[in-house]
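Trainee: The structure that follows is given in the form of structure tokens.
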Amino acid sequence: MPPIIHERSIEIAGRLLTIETGRVAEQADGAVLVRYGETVVLTTVVGAKQPVEGIDFFPLTVEYEEKMYAAGKIPGGFFRREGKPSEAAILAARLTDRPIRPLFPKGYRNEVQVISTVLSADQENEPDVLSIIGASAALTLSDIPWYGPVGAVRIGELDGELVINPTSHQLLESRMDIVVAGTADAILMVEGQANEISEDRFIEAVVRAHQEIKRIVAVQLELQAVAGKPKREFVPPQENVELKQQIADYLGDRLREAVFNPDKTLRVQATAALREEVIAHFVPNEPLAIGTPQSGLPTAKEVGDLFDSLVKELVRRTILEQGERPDGRKPDEIREIWIQVGLLPRPHGSALFTRGQTQVLTVCTLGTKEEEQFLDSLGIEETKRYMHHYNFPPFSTGEIRRLRGPSRRDIGHGALAERALLAVLPSEDEFPYTMRLVSEVLSSNGSTSMASVCGSSLALMDAGVPIRKPVAGVAMGLVTDQTTGRYTILTDIQGIEDALGDMDFKVAGTRDGITAIQMDIKVMGITPEIMRDALEQARRGRLFILDKMSEVIDAPRPEMSPYAPRILRIKIKPEQIGEVIGPGGRVIRAIQEQTGTKISIEEDGTVFISAANEDAARRAVREIERLTRVPEVGEIFYGRVVTIIPSGAFVEILPGKDGFLHISEIAPERVRSVEDVLKVGQEINVMVIGVRPDGKINLSRKALLEKEAAERAATAQAPADGRSHQPRAPQRPSGTAQPERRPGPPTPRRPEQRGPSRPPRPQAQRSTPPPGQYRIGDRLKELLGEDEPN
């Protein structure tokens, strides 16, 4: 029988958002198709019926799949099928995960898997936001316990106006690109980048986005009313209050002494030792430590969980009531900062940023246009000239684990730090380099991603990259009392505050505004008022960090590292690209080989020349300019005859550029046959006598011969002072061969016999050629000699 299909629609930003269920994936616990424009995302959710034993976390996995057929593309590679998730897909999966995770019941240990599959992508409406809406709708319609639904929108700013769900092309001009997700009552997640927007403007954008989120939530509730399943019964595990009090009485003040220690290593060691002592005391029989309670005795896991709960309550209560943090700081106090730049001799730029026990080494490498990252995704094909990679090795936390590729966390942290610097990078016209930043976390105690932002800014300035302003980042925390409504905002949170607090709010920016932001929470949402207080406290912290950074380096270095490549950029006409490349790439390869450079040419005629030193790059520039410049009337060239036809000859005057020498312009006297005077391969002096609109060049040899004859006649007469003048030999460019012989072909030169006993021939002193005169030889090296023509 045909499926029963239910759908609800709402207009968002002038386009119809449709959520549909019942058509596909009927065996999933929840499945929806979300359409917006011509972008379609299928999101499914499946939950296990039984909890996973022996774990202390919620086993939620979120996958985001980009199918290349969605954009009408065939995947690359040998197998022509999708492989591992792209970086964009991983970021979209994390974006989907964060707003739905806080709404699962506390203590829920059943495995849940959410999969969003992009089925159609119109390259205008971004599918990542639809994935959040789809995950929420699928969970809402399923029987899995969940306290949703949530809605999500993207917000931008064009011409001073806030725009909901801007298209991909509008985002290119937008001052902000921020995704906001939340329930009907509160904000759950914020992530994005901006071009130095103020804190007030950011709050305004979030409030505007929340208005649309409420409408999206209402649509899901309407759909749930007609197509939702009854929720499974779930009873959260209850704490053993009596046992918990016994453990607290046993510990006394020793728990505070262990937890409140400014040194993370000592705190972890003391807390772990105390935890083992408590377990040994309350679970004396070792076999019972891993089994089910017998005779009223608890298990080791139960005692350990109660100990962890006491630690959490102690930290949160002390922060709320006394304003004291585990390391002794006040809520708005930043840890001690120590900075060093230029500590690595060979990399192009480096910075070591240390904040408390968090330490990050960031290294900057400058590359060429060809080293840009190609983004093969469902969207607009593009390349990326600025990259930031984040590495989190196990020794940074004193742990041991296998070294593998970057984790999802590594990719997410790297992307956040990357977005933070985009607003201050120089344009490609100003700085035509590819920039790769790598942040190595050497020691971790919270806020490593924001330390990477600071390190990136410092390393770029150390490398001489002309960023407009330095950027700093700080991570904010939150501790709330759900009963009284009291809350305390923490500046520069450390690891224990991140783990036991309610929020991780990362804010990066310059002195003038926010450039990147990311907010994750563990409660049911926060209000704009809390967010406003957190942003103001973050602004003060950011300015403090920027002051510390400016004490070490306050502006980009005037010179780049001597080990960095030198890149020059010139512009040629698109129709001249073929002249520079040459047949089969012969010309451009010759230039690169002779000058030691790398040359890349864009479709619009932009040419990038990179070399180990600037002199080599400028030699290549001069050669390209010779290839592409249009000769002017009156210029004299020393060219080679390449083709002879009855009406004249074609003479190569520049590499790949020929001019036509008509038979009447070969000599002053009448020439019956071109071959009587010229031979293919003969090198002659010619003058440009005309350039046609289509670029064709007319040459004359006769004009030069007549001029030489007139000069010889003038110099044959004795001057008034009685001295005689010797005839002056015609000057030729450096490296030219024997002078032209007229009228017949040049006499071939016999090769010299060389041997061990024959001394090397002395090098002749090269003469300086007259202005506008060039010789085209077999080797570009002769053209690019030490004595360049003026």
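Each residue, glycine too, has its Cβ placed from N, Cα and C.
Pulled these features from Swiss-Prot for this protein:
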BINDING   Asp498, Asp504  Mg(2+) binding site
COMPBIAS  739-755  compositional bias 'Basic and acidic residues'
COMPBIAS  757-772  compositional bias 'Pro residues'
DOMAIN    565-624  domain 'KH'
DOMAIN    634-702  domain 'S1 motif'
REGION    710-790  region 'Disordered'
Trainee: Between the binding-site residues Asp498, Asp504, where is the Cβ count within 10 Å the lowest?
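Mentor: Result for the binding-site residues Asp498, Asp504: minimum number of other Cβ atoms within 10 Å at Asp498.
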Trainee: When secondary structure is assigned with DSSP, how many helix, strand and coil residues does the domain 'S1 motif' (634-702) contain?
Mentor: 7 helix, 36 strand, 26 coil
Trainee: Which residue counts does DSSP give the domain 'KH' (565-624) for helix, strand and coil?
Mentor: 32 helix, 17 strand, 11 coil
Trainee: Can you tell me the mean pLDDT for the domain 'S1 motif' (634-702)?
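Mentor: Reported value for the domain 'S1 motif' (634-702) is a mean pLDDT of 91.
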Trainee: Name the secondary structure element type, per DSSP in three states, that contains Asp504 (Mg(2+) binding site).
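Mentor: For Asp504 (Mg(2+) binding site) - judged by DSSP and reduced to three states - the answer is strand.
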